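Each remark here refers to the structure printed beneath this line.
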Amino acid sequence: MLLAIDCGNTNTVFSLWDGTRFVATWRTSTEWQRTADQYYVWLRTLMQFQKLEVEITDVIISSTVPRVVFNLRVFADRYFNTRPLVVGKPDCLLPVDVRVDEGTQVGPDRLVNTVAGFDLFGGDLIMVDFGTATTFDVVDTDGAYVGGVIAPGVNLSLEALHQAAAALPHVDITKPQSVVGTNTVACMQSGVFWGYVGLVREICERIKAERARDMRVISTGGLAPLFQQTEALFDAYQEDLTMHGLTVIYKYNKETE
């Protein structure tokens with residue numbers, strides 16, 4: 001069975017797959033100090049709680065936090081006796097081309113999303129991922145990754161407002177009932193929510209104009225459903241896009257061994 005690990009700046013997700021069949025998933029905070037033994041105890045406890053007695057034979061890792069990769073490698077080797085595939089490393093092949101100035105600088109999560117998007121929707125895509133950063137990744141007609149845009153994440157923007165202005169409280173993001181807020185919280189929520197609606201729409205329109213073609217816009221990430229319901233910003237929402245991409249990359253590497 002395959003264990004796919006998606007390590008982001010905020011959270012790390014572990015998912016079990018039996019071929020293309022999803023089995024289970026768990027989420028924990030990303031902490032670079034966490035040891036291989038701690039990963040195993042945490043994962044084993046959750047598997048036992050769900051009465052999952054399975055043999056993990058393969059591991060694939062995508063990590064935007066380089067410092068955690070070493071301990072995840074040790075975790076895979078020590079407890080599952082397997083050498084994990086790590087997206088972005090030379091021995092992990094991708095089924096799509098990367099056509100940018102510095103391919104090694106592209107975040108692994110963005111490459112994985114490109115693979116997943118092309119597998120599910122074909123080419124000519126703009127992949128919008130609402131994570132710690134809000135990223136826009138452009139997928140060419142043949143599935144190649146050809147660049148993108150990085151903007152501050154929604155929650156990061158809210159936190160920056162709270163940290164930088166003493167009078168502004170910490171608030172959660174939600175769709176406001178009106179654009180004009182009548183209290184501080186509503187004003188902040190309106191500014192961030194509608195500001196990001198405008199940001200997404202403008203960036204996507206400029207990408208389409210620059211590439212002189214119609215492109216489908218696919219959203220993913222924790223806050224994507226909140227924006228998915230707003231003014232037809234996206235052509236589709238895909239939950240667990242990164243995990244799907246990891247399974248595609250794993251299968252591709254197995255087939256090319």
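Cβ atoms are placed via backbone N, Cα and C, with glycine included.
As given in Swiss-Prot:
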| type | residues | note |
| --- | --- | --- |
| BINDING | Asp6, Cys7, Gly8, Asn9, Thr10, Asn11, Thr12, Val13, Thr132 | ATP binding site |
| BINDING | Gly107, Pro108, Asp109, Arg110, Thr184 | substrate binding site |
| ACT_SITE | Asp109 | active site, proton acceptor |
| BINDING | Asp129 | K(+) binding site |
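Known features from Swiss-Prot, placed on the structure.
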residue : record                 : DSSP class
Asp6    : ATP binding site       : strand
Thr12   : ATP binding site       : strand
Gly107  : substrate binding site : coil
Asp129  : K(+) binding site      : strand
Thr184  : substrate binding site : helix
So for Thr132 (ATP binding site), how many other CB atoms are inside 10 Å of its CB? 19
Under 8 Å Cβ to Cβ from Asp109 (substrate binding site), same chain, six or more residues apart: give me those in sequence order, or none if nothing qualifies. Asp6, Gly8, Ser62, Thr64, Asp129, Gly131, Thr135, Thr242
Provide, as an integer number of angstrom, the distance between the C-alpha atoms of Pro108 (substrate binding site) and Thr12 (ATP binding site). 14
Does Thr12 (ATP binding site) have same-chain partners at least 6 apart in sequence with Cβ under 8 Å from its own Cβ, and which are they? Ile5, Asp6, Arg27, Thr28, Ser29, Thr30, Val68
CB neighbours of Asp129 (K(+) binding site) within 10 A? 26
Taking the mean position of the Cβ atoms of Asp6, Cys7, Gly8, Asn9, Thr10, Asn11, Thr12, Val13, Thr132 as the ATP site, which residues outside that list, in the same chain, have a Cβ no more than 8 Å away, listed in sequence order? Thr30, Thr64, Val65, Gly131
What is the separation, in Å, between the Cα atoms of Thr10 (ATP binding site) and Thr184 (substrate binding site)? 27
Fewest other Cβ atoms within 10 Å: which of the binding-site residues Thr10, Thr184 wins that one? Let me know. Thr184
